[in-house]
Amino acid sequence: MNKTFALALALAAATGAAHAEDTLKKIKDSGSVTMGVRESSGALSYTLGDGKYVGYHVEICQHVLADVQKQLGLAKLEIKYQPVTSQNRIPLVQNGTVDIECGSTTNNLTRQKDVAFAVTTFVEEVRIAVKANSGITSIGQLNGKNVATTTGTTSVQTLRKHERATGVDFKEVFGKDHADSFLLLESGRADAFVMDGAILAGNIAKSKSPADYKLVGEVLSVEPIAIMMRKDDPAFKKAVDDSIKAMMKSGEIAKTWHKWFEQPIPPANTKVGMPPNDNTKAAWANPNDKPMEDYAKK
Amino acid sequence: MANWDWQVFCKNTIDGEVIPRCLGSGGDITYLDWMLSAWGWTLSVALLALVVALLLGSLMGILRTVPHKGLVFLGNAWTELFRNIPLLVQVFLWYHVLPALVPVLKGVPSFVLVVFALGFFTSARIAEQVKAGIQSLPKGQRYAGLAMGFTLPQTYRYVILPMAFRIVIPPLTSESMNIIKNSSVAFAVSIAELTMFAMQAQEETSRGIEIYLAVSGLYFISAFSINRIALFIEQRVQVPGMIGGSK
């Protein structure tokens, strides 16, 4: 009895220690790794159903994990896909359920207290989508208008800050998710939809008549999007960073971008039609893991 | 294990600075201010919808027990229509679909639409309970009323309903508590109520655990208050010898 108890305790201690810090050791010992993915984060990370996950970030992560496998000399590495949501992604990375999160997570200072980020792979710009015939070309023209955005996104905060700073007074309407927010714009309940450029481009591409909508105006906010890992594991972060930096240097990351954002993608074979913006190109040229706050200072 | 950060509620929603007195002033809004305002929206939606639900539900429940086939059909149709479609779908029907069919509705604020959606949905459930309450009375009471020379409406007013409503107070209490909880769907049509606050504030602050705990607490307080009020009413109106009146 006593022996079993001691054994259980030792086991608990061992597993506890294993997932506390050393991700590389955990991957080597178990021969498997858990990738956090999103059900629908535009072309960054989405599901084709049947447990299949694809997208720009998913492909980058698969590349990174292939490099990790080589580095560890593993004959076989099993990748387990774990869908995560905005609400649970950080706790799941912290508690070790997810080893590497490949969704659409903004790297900011608050989150850096809880988790670590790889070098930025995509710099998202918050933009305004309007109906092409609305005549709206900038945020200043949204005074007194209904502006849609999605509950649970940083764009809501961006909009609030903008309202405060510029004195433009718009009425906010909130969609439950991006599809709902787009429906608000489509049905005329909102005059504009403020959101990450990639999400807007994706929704417009999938809409009934893409030509009826356009992205206008200034960039309202800039957010570095990065792959997320557990904090305080420099060896794993280095492995991930090195792999991504090599992709940036060889130009492979640009090819991956082209594949997901400028070519028809499954399941419907539609194009997002979004070339990389200047901030993203700059992040590829000079790899860094600066948080969102550093971009705002410029 | 978890490292709490309850100061998150004192943060300004614009720049995330902690405000000493925890409540913003001069245009500054803290997460605490925002949460209290969200609580207000939750209670407003729930209580107004409850009024709609009680009025319509009682009416439809009564109609289902009268000796007139047309009215019974109306009551039954109402009940089946509103209780067979999920609440979230009904909210979207009111918000997106009906205004597309009836353009006048486009000008109606989403707050009003969601009060009706939630009120109608719950009225179907209340109608069922009121009907059950009336049917649980011995048939003799109705005949006695009519034999006394009361008209049918008078029989309902003075004989049947006073008894039936006492019987259905416990299930009505559950419905009233449900309506507080169900009001969380209002976030889907951009009402800034507690659920929307929770989803948004946790994204902005990354302190989801604290925020969801606080919001859960407010939902509990709201629903539990309704429970206590209903219990008070139940005790005040109980009739000795009836269900729950055996003092």
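The backbone N, Cα and C atoms fix where each Cβ goes, glycine too.
What TrEMBL says about a protein is an automatic prediction, not a curated fact.
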Candidate ranges A:134-166, A:266-298; TrEMBL annotation region 'Disordered' resolves to A:266-298
Reduced to three DSSP states, the region 'Disordered' (A:266-298) has 14 helix, 1 strand, 18 coil
Across the domain 'Solute-binding protein family 3/N-terminal' (A:32-264), the model's average pLDDT, rounded to a whole number, is 93
